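Here is what TrEMBL says about this protein:
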type	residues	note
TRANSMEM	B:6-28	transmembrane segment
TRANSMEM	B:40-58	transmembrane segment
TRANSMEM	B:64-87	transmembrane segment
TRANSMEM	B:99-120	transmembrane segment
TRANSMEM	B:147-164	transmembrane segment
TRANSMEM	B:185-218	transmembrane segment
TRANSMEM	B:230-253	transmembrane segment
TRANSMEM	B:265-282	transmembrane segment
Amino acid sequence: MVSLKSFLLASCATALMSSAAWAADPIKIGVIAEAQAVAGSSIAPAAQLAAEEINAKGGIDGRKIEIVVYDNHSSSAESVRAFQRAVSEDKVNAVIASYISEVVLALEPWAGRLKTVMITPGAASDVITQNIAKNYDQLKYTFHGYLTSTSLAGLVCDAAKDLLVEPYKMKTAVIMSEDAAWTTPLDAGYEKCLPEIGLKVVDHIRMSPDTTDFTPIFNKIEGLKPDVMITGISHVGTQPTVQWKSQQVPIPMFGISSQATNSTFWKDTNGAVEGVMYNAVSGPGVAVTPKTLPFVEAYQKKFGNFPSYAGYTSYDDVYMIADAIHRAGGTDPDKMVEAMEATDYVGTIGRIAFKPKGDPNPHALRTGKGYITGLMLQWQSGKQVNVWPKELAAGTATWPSFIKLKAASN
Amino acid sequence: MLFWQILIDGFAISALYALGATGFTLIFGVSGVLNLSHGAIMVGAAVAAWAAASEFGVGPYTGALIGVLAGFILAFATYFIAVRPIQRSKVIAESEKEIFILTATLLWGIIIQEAIAYLFTNNAKTVLPIVEGVTTVLGVRTPRNEYFTAVICWVAIGLLWFLVNRTRRGKAVMAASMNPRGVTLLGIELSSIYLTVWAIYGLLAGVAGILLGMFLGVSSYSVGPLTASAFSIVVLGGLGSVSGSLIAAYVVGYLETGTAYLISPAYRTIPALLLLVVVMYLRPQGLFGRR
């Protein structure tokens, strides 16, 4: 009894002391994400992890960071309701939102109306930042914390040049992408940059994200005899990958395949993903910056699995928001926007800085040398192996036996 | 070449549709229940088979068996949780029971769907195929698993036919679908007939779900479309008519495959749905319906 009593007393005392340690109100960051989708499910835990780390070191200017999580069920309408509730009832100071472009586009005007800084850790559509360019004063509260589709297309082309065109003398490509907001600028980017690296685009197939049977699509692509399929898929992933393998489509898959970035994808596809090459900003075991691997380790230790691509960015976003609040001297939204615009932060995916007002894509991430360069990984025997760029590569490209590299055999 | 491609692919997918719709129509024929949790049971079976093989490392055969068992359990759960309490309720008026069961099974399906999404995410899963590799027949390279799917579907449908036409229990089920009161007068418990039908249904839906998981893959998003496709096949064939459902499955399967190859995969489901609308106008009881 005595010991229980003293334990209770002691815990009360600790509770009092710890609440006394946080003198000012907490800084609240709302996280609106897709708890059921693999890409979205890392967003909230990664933000939580960053907040705990910051709090363990005394918070920001004596203020604790508190993460408030909302599950949006992958729906734009639910996201808007969550955003309104986050701002007006839960009084959050900033919002980290979603990996789906349609969701972020729906939230963008609300960030403006409710004057709340919002950053997306995973959406890609260029339209998000194009909107800011058109109506800066109203929409300046939105920041794009992930690469735009056009940047992604450019990075895929850079990698394709080194990995496909030079070693295998590939000449032709078919673009295969899902019909969604993020792929419109992606496809335009592919159409522009693939010919520049010497890959002629022989066809461009946009499929419905509801497609379940990819046989007719692969059949058509095979008939065109391209050297490579350049992909733009995120909402679909498992099914085209598995059917590619089970039908033994002899053409490599290369490009964006968001689901392939997840560590669980091998199991989801029963290993059919072997040989698929995909772009990413991070990968297991790749030390993009000194912060990357410690983050992955801490995440894995705490949650028992690996973060999705949006987990890395969400983790960085909390640090960036905290840093901006510190530099802005508080949570005044306009001052926070100014501070966010001045961000120069080395995160887990590279050096992060935003494009300025006046750029066609204001508040988009800077890419290229010195900033974010991206990676190209390949699934090899159950592991995601980085094969590009050379200085970060952990292995070389290999292909499943059913892939026939026509040009290479010449 | 394209002709053979459509013929082979269409055959496999139609066989799968037929198997999925048979159980659905059987339940309706015997007990008047439109089970709108059908898609959820199929997906549940497939995801269980996937999880057993991928997460716990059992082989493809054991995985498939666990999947069938899951389909069986889910079907019984549907009956005991969503259907039977309403059938036996004294509070709900007899005339309203049908709509209550419809709503209950729909909601039950959504519960299963959400549970799958939360436990296993909404990413698509594929069941480890039992047969691997491809075969080239008539110049068409087809996964062996596709032939396997078609064979298993027809074996299952054949067994069902045998059960219904050649065994005492099966004949009682058939009789119950024609005249429930007559069966009761012959001294057969209607409730035990229901149990038999739900057991058969659970096996059929489980097998169909697993084969679909091997052939194309399933996710929690597939639940709605799967229920809708079984529903439209059954309505097209005539509610409660098993042979009508089989023929309708082939009509829908080939219409979809033909559209996907000859027009565009994006319009895959449209012609079949248009046909459904036309049939509803001209022959509301369906192609082979008796009522």
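Using the three backbone atoms N, Cα and C, a Cβ is placed for every residue, glycine included.
Unlike curated entries, TrEMBL annotations are predicted automatically.
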Distal contacts, the transmembrane segment (B:40-58) - CB-CB under 8 A, six or more residues away: 20, 64, 66-71, 74-75, 78, 108-110, 112-113, 116, 120, 125-128, 202, 205-210, 212-213, 218-220, 222-223, 226-227
Contacting positions for the transmembrane segment (B:6-28) when only residues 6+ beyond its ends and CB under 8 Å are counted: 34-35, 38, 42, 137-138, 140, 142, 146-147, 149-150, 153-154, 156-157, 160, 173, 177, 197-198, 200-205, 207-209, 211-212, 215, 226, 229-231, 233-234, 237, 239-242, 244-246, 248-250, 252-254, 256-258, 261-262
Cβ-Cβ under 8 Å with the transmembrane segment (B:147-164): same-chain residues at least 6 beyond its ends: 11-12, 15-16, 18-19, 22, 26, 129-131, 135, 170-171, 173-174, 200, 203-204, 207-208, 211, 214-215, 242, 246
